[in-house]
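Undergrad: The structure follows.
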């Protein structure tokens, strides 16, 4: 049975648990990027190989988001969150004392599983609160999610300079202990349902599909032949149809296909994918833009690239000022701001300046934050007994979008061409992103009228 908190007073154990869990998982997504070169030197491996510590972290995060939400829905968010903090803390400890690249990569996989438990169930726990509590929690959740990308590069740089890469992981341990402490204090808004068997077959098929997709994205680095690419592509498509058929008939599926038949859940899932896609593009392409074309020092570039995350934080306060329905926020403010950002980047590509970029990035962050916050709010108003599953679904689509956006932008910008042609490639990238967001705007206009507020 679902117990929903009716009190309008803040429940600080829930606030701290949700914010800390989401902050840790998003902080760890980007904080490692600065240390990749150090890992490569210390472990004596190539930069491409140690890059698996980032790719596999996100991959395992995606794979275990839905199972993590399932665990929260059927065993209780409290137990799932404690398990997430414990696993994330232990694997952070192992990563901090790693003596080889393989040990580090395996530990990062464990961190991905722990992060999945935290992300899915923090959103699920928030969705079980009263309407007043959800509105307050949504603001704190947005702050926690946006603080990770802001503090990651700057905080990681300070730790690397003063104490070494080991403390990038060891700093997580005391934070996880604090998370466990406040999770144990949660006594309300916990789900208890009848236990059902887990869909192991669906999970295996989903894992195979994701590995195949990642292999295709990095096919050039893996030196795959054309016939091998075609075989992987056709096999993945075949497995995908089998997967959909199995999951649609399963009473307790690994991937909640039936939830996507609900128009509102389908909309927030696609919206999360598009938001992740655009975030992956702008966050991966922006540093390269200033390194290649402007030649700014890396610490200066890190400061410039915080403009978009700062915009996300500003969106929390902007949402309170706007004080309108999610539908109006998305159509009137969020998507138009994101469209303006990429339109500006497109038109100033051949004459980019710090001022132009910061304006565009702030607009993107502000619009993206409003968009993401509205999607979360819509998701919180859906099925009460599936809140963790829906939360996991949203994070799955968003992280999947980040991987696709990052990989596609880096693939476009990887070619060694003349500076003029390179700038033209950036313009093409911004134009493609603008087109994707335009389609999302039309889809939003059609879909949001069907969503009852």
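A Cβ is built for glycine as well, from the same backbone N, Cα and C atoms used for every other residue.
Pasting the feature list from TrEMBL:
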type	residues	note
DOMAIN	14-453	domain 'Major facilitator superfamily (MFS) profile'
TRANSMEM	12-37	transmembrane segment
TRANSMEM	49-72	transmembrane segment
TRANSMEM	79-98	transmembrane segment
TRANSMEM	104-128	transmembrane segment
TRANSMEM	140-159	transmembrane segment
TRANSMEM	165-186	transmembrane segment
TRANSMEM	267-291	transmembrane segment
TRANSMEM	297-317	transmembrane segment
TRANSMEM	329-348	transmembrane segment
TRANSMEM	354-375	transmembrane segment
TRANSMEM	396-417	transmembrane segment
TRANSMEM	429-449	transmembrane segment
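Map the listed features onto the structure and describe their local environment.
TA: Long-range Cβ contacts of the transmembrane segment (49-72) within its own chain (Cβ-Cβ under 8 Å, at least 6 residues beyond either end) map to 25, 28-29, 32-33, 36, 39-40, 43, 79-81, 83-84, 101, 104-105, 108-113, 115-121, 124-125, 191, 198, 203, 206-207, 210-211, 214, 252, 254-256, 388-393, 395-396, 399-400, 402-403.
Listed as Cβ neighbours of the transmembrane segment (165-186) (distance under 8 Å, sequence separation of 6 or more from its ends, same chain) are residues 13-14, 16-17, 20-21, 24, 28, 31-32, 35, 38-39, 42, 77-78, 81-82, 85-86, 88-89, 92-93, 95-97, 107, 118, 125, 156, 159.
Outside the transmembrane segment (354-375) by six or more residues, the chain places 138-139, 142, 145-146, 268, 271-272, 275, 278-279, 282, 286, 289-290, 304-305, 307-316, 318-319, 322, 326, 329-330, 333-342, 344-345, 348, 394 with a CB less than 8 A from a CB of the stretch.
Same-chain residues lying 6+ beyond the ends of the transmembrane segment (429-449) with a Cβ under 8 Å from its Cβ atoms: 263, 267, 270-271, 274, 277-278, 281-282, 285, 327, 330-331, 335-336, 338-339, 342-343, 345-346, 349, 409, 412-413.
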Undergrad: Please give the sequence-distant neighbours of the transmembrane segment (329-348): residues at least 6 beyond its ends with Cβ less than 8 Å from one of its Cβ atoms.
TA: 278, 318-319, 322, 356-357, 359-361, 363-364, 366-368, 370-371, 373-374, 426-427, 430-431, 433-434, 437-438, 440-441, 444-445, 448
